[in-house]
Amino acid sequence: MHPSEMQRKAPPRRRRHRNRAPLTHKMNKMVTSEQMKLPSTKKAEPPTWAQLKKLTQLATKYLENTKVTQTPESMLLAALMIVSMVSAGVPNSSEETATIENGP
């Protein structure tokens with residue numbers, strides 16, 4: 001082998017990233033109190049144990065009806081789907097979702 005072939009090639013130079021500090025500084029200046037609050041925003045109370053139990057039952061029932069394997073991840077997604085449907089006011093013939101919304 002020729003000695004010039006044995007030399008290692010230098011890695012290509014990386015491009016320097018531009019400084020993003022000004023954008024970060026602007027974001028840090030934003031205060032949540034300055035953001036517009038919607039008049040429909042309401043303060044929610046923490047859910048009761050009965051509401052959590054009912055939500056778990058509804059999520060389990062939903063997963064059984066859709067024949068999805070019951071895993072912690074699928075239970076969480078089913079519970080989030082139920083909560084979002086209730087909060088969005090999606091009509092449902094079941095009285096069970098009204099129980100979550102209004103309490104036991």
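Just so you know, glycine gets a Cβ as well, placed from its N, Cα and C.
Just so it is clear, the model here is predicted, and its values are computed rather than measured.
Some features that Swiss-Prot has for this protein:
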REGION    1-48  region 'Disordered'
COMPBIAS  10-20  compositional bias 'Basic residues'
MOTIF     13-20  motif 'Nuclear localization signal'
MOTIF     49-58  motif 'Nuclear export signal'
**OP:** Please work out the mean pLDDT for the residues of the motif 'Nuclear localization signal' (13-20).
**Re:** 68
**OP:** Could you put numbers on the helix, strand and coil content of the motif 'Nuclear export signal' (49-58), residue by residue per DSSP?
**Re:** 10 helix, 0 strand, 0 coil
